[in-house]
């Protein structure tokens with residue numbers, strides 16, 4: 001413990017693995033390694049294919065590249081501490097290192113939410129105004145949207161580490177996960193955390209919450225447009241371009257909302273449920289998104305097959 005008058009701050013926190021299954025951590029690490037490997041390789045392949053295939057240089061795939069970079073970042077943020085705990089039982093993480101990891105996890109989560117909103121806007125423009133789509137979403141516009149997304153995440157979350165550093169900590173230092181999460185850290189404080197709770201809720205609702213609302217509104221407008229199409233084939237073709245994005249939205253938002261609710265209101269939720277939802281939120285989307293887009297996107301699939309044939313040849 002570091003002592004400074006009446007102010008106490010732990011030198012480190014202790015991370016937790018899967019409650020009740022500590023003895024099985026080496027075996028449990030096998031599916032985690034598979035998921036991390038899928039996330040890292042899958043998203044790298046997505047980026048490589050888009051970069052090398054000229055026909056994929058359009059807004060939809062630029063946003064997909066942003067999603068892949070974000071997913072890579074999320075996987076790399078949690079991989080060292082999670083596998084370090086499962087393989088070597090390394091539970092200790094320094095206080096400042098924990099705040100740094102937490103900051104980047106939350107930034108990348110907020111960026112992913114915003115990228116999914118941008119992709120929904122892209123699908124709406126492509127379906128509702130197909131002729132104007134290239135002139136509305138130019139390369140410059142897509143770049144500006146990407147920069148705005150990153151800046152929004154960085155600026156809105158910048159006060160969080162400082163709000164946590166001002167708190168006095170005492171007693172329990174065990175986190176609920178093998179990574180650092182804002183509600184998890186602030187609940188270990190023995191000081192008034194009303195400011196942290198209020199700011200956290202405001203930021204969550206004004207960013208991720210608003211993103212989700214606008215995504216829903218985008219799909220309401222898309223459905224209205226699709227209904228007005230003359231033939232059933234046109235309707236199905238239009239909706240088929242949205243399937244991958246809808247899957248990505250559900251895979252990301254459902255566990256994220258669940259984890260936020262558990263940390264804030266689920267005092268009686270079993271620790272195992274809390275842990276599984278947390279891992280689902282941070283590890284499953286980065287691993288599944290490349291698979292979803294590779295399977296559902298004909299252009300991506302064809303480009304991938306062409307690249308594989310060139311390597312064999």
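Going from the start of the chain as shown, residues are counted 1 onward.
Keep in mind that glycine also has a Cβ here, set from the backbone N, Cα and C atoms.
The following features are taken from TrEMBL:
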- 24-50: transmembrane segment (TRANSMEM)
- 42-293: domain 'G-protein coupled receptors family 1 profile' (DOMAIN)
- 62-88: transmembrane segment (TRANSMEM)
- 100-121: transmembrane segment (TRANSMEM)
- 142-164: transmembrane segment (TRANSMEM)
- 197-222: transmembrane segment (TRANSMEM)
- 243-264: transmembrane segment (TRANSMEM)
- 276-295: transmembrane segment (TRANSMEM)
Completion exercise
Comparing 24-50, 100-121, 142-164, 197-222, 276-295 for Cβ pairs under 8 Å with the transmembrane segment (62-88), the winner is 24-50
Problem - Intrachain residues whose Cβ lies under 8 Å of the transmembrane segment (276-295), provided they are six or more past its termini - result: 18, 32, 35-36, 38-39, 42-43, 45-46, 64, 67-68, 71-72, 74-75, 78, 82, 105, 112, 176-177, 179, 181, 244, 247-248, 251-252, 255-256, 258-259, 262, 301, 304
Fill in the blank from the handout: Outside the transmembrane segment (197-222), at least 6 residues beyond either end, the same-chain residues with a Cβ under 8 Å of its Cβ set are 109-110, 113-114, 116-117, 120-121, 123-124, 127-128, 152-153, 156-157, 159-160, 163, 182-183, 186, 238, 242, 246, 249, 253, 256, 260, 264
Fill in the blank from the handout: Same-chain residues at least 6 beyond the ends of the transmembrane segment (142-164) with a Cβ under 8 Å from one of its Cβ atoms are 59, 62-63, 66, 99-100, 102-103, 106-108, 110-111, 114-115, 118, 182, 185-186, 189, 195-196, 199-200, 203, 206-207
Problem - Overall pLDDT of the domain 'G-protein coupled receptors family 1 profile' (42-293), taken as the mean - result: 92
